[in-house]
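Lifted from TrEMBL, the feature list:
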{"type": "TRANSMEM", "residues": "34-54", "note": "transmembrane segment"}
{"type": "TRANSMEM", "residues": "74-100", "note": "transmembrane segment"}
{"type": "TRANSMEM", "residues": "120-139", "note": "transmembrane segment"}
{"type": "TRANSMEM", "residues": "160-184", "note": "transmembrane segment"}
{"type": "TRANSMEM", "residues": "196-220", "note": "transmembrane segment"}
{"type": "TRANSMEM", "residues": "241-266", "note": "transmembrane segment"}
{"type": "TRANSMEM", "residues": "272-294", "note": "transmembrane segment"}
Amino acid sequence: MSTLNHLRRDKDTGIYKLPNVPPEIYDDYVMETIGIVLGLILYGIAFSLFTSCLRSLFKALKQNGTAGRSRPKLLHLVYVCLIFAVGTMYSFSGIWILVYLRLEYPMYPGGPLGWEFVHYNWPIITLGNVGFTLTAWLSDGFMLYRCFVVYNEESRIRTVLILPGLLYLASLTLGILLLIKASLPKESLFSQVNFGLAYFSVVAALHILLTLLISGRLLIHRIRIQKLLGRDSSSLRSYTSVVSILIESAALYSTLALLFIVSFALDSPLTQFSLALLGQAQVISPLLVSYRVIQRRAWSSSTAHNITVSVNGIKFGTTHSTIKSQSSGSIPNDS
């Protein structure tokens, strides 16, 4: 009732905000709420991609039976299920924060966000942090593998993967340490700003680097295919179109990672917003690539070789036809 009276007194000023949420964190409170809601919409997209991947994988496994070539598809099935499961952990934590805290602790000093900061080691919040970190590891590991596939025909592939590999190991180490520190009493992700900034900087740098490596390589292949087969080539549309390059390089994830790391470093309210979206992008990006792999529309280790063989076949056929035509023209006419 006191809250209603307070709101009634503020009626003339047009202010209806909760009186227990300080102005300095009110924008964070709003951005967290909007981010979680939009994140749940992205979770719906992730669920749709997950079910599409499952249907395609089960269909492929049914066709292959128990043959040895079905093993990669089984591993792919395990990966798809695992990353969606840990992504669901993160989403469940977000739903709990959005609904339960706002229903049970609306008048807590600082509001639900204040309660969250004080009780950051609460099991469900920790579950969300673990889910977020695991999705980052699984997503980055998958993109590291995709980078290996795209550069597979290169003789210096090990040199290309040295820096991303080191960054990935650093993200594993820093992620474990950050989870341990954030789960301690009276600690949170935002109370470990310097340590958290180091971890998220490594993760963002790793994924942006992988995006640049993959997109750069696919752009080079696009130029080569365009020169050899022309603009109307099906290979150009399937493997190296602009949309394909954006999906293959996980540009969505890299963009949100960059937005988050900048807002986190500046202590901006956008941190809460971008964090919720980033957690879902870590699931959506690899699922998009996975679906293209299952449909055999993604770049594989044999794609470059197959295109080269096709081009050589076209060249051979053209040359053979030309020689045959010239030979036919040189036969004397006895009539």
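Using N, Cα and C of the backbone, Cβ positions are placed for all residues, glycine too.
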Recorded stretches the transmembrane segment (34-54) and the transmembrane segment (241-266) touching, at least 3 CB pairs under 8 Å: no
Stretch among 74-100, 120-139, 196-220, 272-294 sharing the most Cβ pairs under 8 Å with the transmembrane segment (241-266): 196-220
Non-local residues, at least 6 beyond the ends, that sit with Cβ under 8 Å of the transmembrane segment (74-100): 32-33, 36-37, 39-40, 43, 46-47, 50, 53-54, 57, 61, 112, 116, 124-125, 127-132, 134-135, 138-139, 142, 276, 279-280, 282-283, 286-287, 290, 293-294
Close approaches to the transmembrane segment (120-139) from elsewhere in its chain (Cβ under 8 angstroms; 6 or more beyond its ends): 79, 82-83, 86-94, 96-97, 171-172, 175, 178-179, 182-185, 187-189, 191, 203, 207, 250, 253, 279, 282-283, 285-286
